[in-house]
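Peer 1: Have a look at this one before I ask anything.
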Amino acid sequence: TDFLIVAWYVPCLASLETLQELCRKENLRCKSIGITNRSLKSYEVEYLCDYKVEEGTEYYLVKWKGWPESSNTWEPQKNLKCPLLLQNFLSDKNEYLSRVKEGKALKVRNHVKALKPAVADYIVRKAKQRIALQRWKEELNRKKNHRGMILVENTVDLEGPPLDFYYINEYKPAPGINVINGITTGCECSDCPAEKCCPKEAGFILAYNKKKKLKIQPGLPIYECNSFCRCGPDCPNRIVQKGTQYSLCIFRTNNGRGWGVKTLQKIKTNSFVMEYVGEVITSEEAERRGQLYDNQGNTYLFDLDYDSDEFTVDAARYGNVSHFVNHSCDPNLQVFNVFIDNLDLRLPRIALFSTRTIKAGEELTFDYQMKGSIDLTSDSADGLSPSRKRIRTVCKCGAVCCRGYLN
């Protein structure tokens with residue numbers, strides 16, 4: 001007897017609702033995702049798609065959660081118990097109309113009032129975007145290992161989460177690169193900083209004051225106590241390693257700069273804000289990728305040039321919140337090199353500290369020229385070989401002292 005085997009290939013990142021839609025569409029049961037005989041016919045409003053009035057009764061086209069769009073149905077408003085979704089529907093409708101400057105949302109045809117197709121299409125796309133951004137926010141907060149929360153916001157356009165970005169909390173080294181050099185010793189302080197504390201052993205002063213704020217000048221390195229130190233987690237010389245303490249929001253900018261990051265809390269001067277993490281690659285590989293990124297108008301390469309220019313951090317595909325921080329020629333964040341469990345001068349960790357008090361709701365920025373990349377003015381670019389010439393990216397930071405270009 002011949003058997004027909006049907007194999008399902010489902011993306012590993014598919015949402016629960018997508019998997020439920022597949023099961024319901026094929027009339028399959030799967031207890032692990034909540035599709036049983038009892039729940040196979042359960043209905044919950046996911047979002048509202050359209051609106052019409054027939055014989056004096058208002059109807060909304062409903063997309064049911066966990067059901068394919070082919071199962072959408074028109075339901076009278078009196079049966080809908082979803083005030084937030086109704087509010088989102090009306091808000092999205094008014095937003096679209098205000099943008100296209102149309103006077104009325106409803107048009108009379110054969111005594112039937114209905115939304116224009118373009119309005120309904122926008123409302124559906126906005127609803128799908130809202131759901132996608134909510135899922136992305138939940139994913140980011142599951143993956144992050146620091147105290148601060150991550151929010152996501154887009155009130156500007158229909159752009160959803162980036163398709164090829166993966167959140168990480170620490171460096172992702174390329175094959176052959178070791179970002180942990182096997183340090184086996186630490187300070188013996190019972191109350192840091194003492195005479196033999198980590199910074200002094202390295203020939204530098206402690207980077208922080210008693211209020212755990214930065215007290216050194218830009219250009220000087222930070223040596224924090226490591227995992228072999230005798231001091232505990234409350235040691236005043238453990239700041240960067242504790243991660244971001246502030247709740248931050250990844251938001252869509254309204255002036256063509258893509259995504260940006262703003263703080264949801266007040267940040268005092270000289271406070272640690274976040275690390276810049278990504279793939280650690282060789283400078284040769286960075287040069288190859290840089291040509292591609294310049295053609296795309298992106299800037300994600302951060303040269304680790306504290307002691308040499310052997311390695312670069314690439315945050316294009318793998319990174320944390322810092323991936324979305326925009327450039328400014330007048331920034332409120334400053335770059336510092338940090339050494340904790342790896343004392344290899346070629347591989348510092350990159351920390352961003354506030355240069356002044358930053359108000360809640362203010363966008364976070366740093367100067368991309370701090371990365372150690374070459375400032376290609378027209379004069380210097382002419383002296384480079386064709387393979388080294390870079391496409392210059394126009395700066396949109398809006399600062400009074402704007403240099404005009406990112407590179």
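Cβ coordinates are placed from backbone N, Cα and C, and glycine is handled just like the others.
Just so you know, TrEMBL annotations never went through curation; they're auto-generated.
Below are the features listed in TrEMBL for this protein:
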- C187, C198, C225, C229: Zn(2+) 2 binding site (BINDING)
- C187, C189, C192, C197: Zn(2+) 1 binding site (BINDING)
- C192, C225, C231, C235: Zn(2+) 3 binding site (BINDING)
- R257, G258, W259, N326, H327, Y368, K396: S-adenosyl-L-methionine binding site (BINDING)
- C329, C395, C397, C402: Zn(2+) 4 binding site (BINDING)
- 43-101: domain 'Chromo' (DOMAIN)
- 185-243: domain 'Pre-SET' (DOMAIN)
- 246-369: domain 'SET' (DOMAIN)
- 391-407: domain 'Post-SET' (DOMAIN)
Peer 1: List which of the binding-site residues C229, R257, Y368 have their Cα within 10 Å of the Cα of C329 (Zn(2+) 4 binding site), in sequence order.
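Peer 2: Cα filter at 10 Å returns Y368.
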Peer 1: Around the Cβ of G258 (S-adenosyl-L-methionine binding site), how many other Cβ atoms lie within 10 Å? Please give the count over every shown protein chain.
Peer 2: 14
Peer 1: Quick check: with C187, C189, C192, C197 left out, which same-chain residues have Cβ atoms within 8 Å of the centroid of the Zn(2+) 1 site Cβ atoms?
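Peer 2: Apart from C187, C189, C192, C197, the close residues are E188, D191, P193, A194, K196, C198, C225, C229, R230, C231, C235, N237.
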Peer 1: State which of the following binding-site residues has the fewest other Cβ atoms within 10 Å around its Cβ: C231, C329.
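Peer 2: Among the binding-site residues C231, C329, the lowest count of other Cβ atoms within 10 Å belongs to C329.
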Peer 1: If you count the other Cβ atoms within 10 Å of each Cβ, which of the binding-site residues W259, Y368 comes out on top?
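Peer 2: The largest 10 Å Cβ neighbour count belongs to Y368.
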Peer 1: Which one of the binding-site residues (R257, H327, K396) has its C-beta surrounded by the most other C-beta atoms within 10 angstroms?
Peer 2: H327
Peer 1: For the domain 'SET' (246-369), what is the mean per-residue pLDDT, to the nearest integer?
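Peer 2: Summing pLDDT over the domain 'SET' (246-369) and dividing by its length gives 94.
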Peer 1: Relative to the Cα of H327 (S-adenosyl-L-methionine binding site), which of the binding-site residues C187, C197, C235 has the closest Cα?
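Peer 2: So, spelling it out, the nearest of the binding-site residues is C235.
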Peer 1: Around C402 (Zn(2+) 4 binding site), which of the listed binding-site residues (C197, G258, K396) come within 10 Å, judging by Cα atoms?
Peer 2: K396
Peer 1: Starting from C235 (Zn(2+) 3 binding site), work out which of the binding-site residues listed here (C192, C225, Y368, C395) have their Cα within 10 Å, and give them in sequence order.
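Peer 2: Final answer, ordered: C192, C225.
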Peer 1: For the recorded Zn(2+) 3 site formed by C192, C225, C231, C235, which further same-chain residues have Cβ atoms within 8 Å of the site's Cβ center?
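Peer 2: Same chain, not in C192, C225, C231, C235, Cβ within 8 Å: C187, C189, P193, C197, C198, C229, R230, G232, P236, N237, R238.
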Peer 1: I'd like the number of other C-beta atoms within 10 A of the C-beta of C402 (Zn(2+) 4 binding site), please.
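Peer 2: There are 15 such Cβ atoms around C402 (Zn(2+) 4 binding site).
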Peer 1: What subset of the binding-site residues C192, C197, C225 lies within 10 angstroms of N326 (S-adenosyl-L-methionine binding site) at the C-alpha level?
Peer 2: none
